[in-house]
Amino acid sequence: MKKPYFVSITLFITIAVLILDQVTKAVIAKSMAIGDSYTVIPKFLYITSHRNNGAAWGILSGRMSFFFIVTIVVLGLLVFFYIKEAKGNFLMQVAISLLFAGALGNFIDRMLHGEVVDFIDTKIFSYDFPIFNGADSSLTIGVILVLIALLFDSRKSKV
């Protein structure tokens, strides 16, 4: 039986997530000054305008050339992995689409603005989690789905 690629679905997911990410960042950048914050759910969720020229928690701040190179390599590896390993695995294809969209979304910010627009600000059990954006969420969900897909794949091979 021929294993399919779900190209139209994965392209739709990638493009939709990328557009949503870029539009939300543009709205925040245009309508809020850096540091402005609005409460969505008191003591839990805020929209806070923030800029980050590093990775999560400001790691490697100001190392744009490093991020450019790493992102290009990662995007290439994701395409390779999609073609070579994800055939017939719908969940893995969705996961790779989310990873690709997230990496590309933050890459676009770094290329155009030299920094990433972050705005989702959460406090979980009094821990003030680092401010993040839609691309970061896409990357996180993509990683979780890759792990789930690999778990299911390893279980199938044992049966």
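Just so you know, glycine gets a Cβ as well, placed from its N, Cα and C.
Annotation comment: Swiss-Prot describes Asp118, Asp136 as active site, evidence class sequence analysis. Marked as transmembrane segment by Swiss-Prot on the basis of sequence analysis: 4-24, 64-84, 88-108, 131-151.
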(message) Please report, as numbers and ranges, the same-chain residues at least 6 past the borders of the transmembrane segment (131-151) whose CB is under 8 Å from any CB of it.
(response) 17, 20-21, 24-25, 48, 50, 52, 56, 89, 91-92, 94-99, 101-106, 109, 116-121
(request) Please indicate, using numbers and ranges, the residues of the same chain that are 6 or more beyond the transmembrane segment (64-84) and have a C-beta under 8 Å from a C-beta there. (result) 10, 53, 55, 93, 96, 99-100, 103-104, 106-107, 110-111, 114
(message) Can you give me the same-chain residues 6 or more apart in sequence from Asp118 (active site) with a CB-CB distance under 8 Å?
(response) His50, Arg51, Asn52, Pro130, Ile131, Phe132, Asn133, Asp136
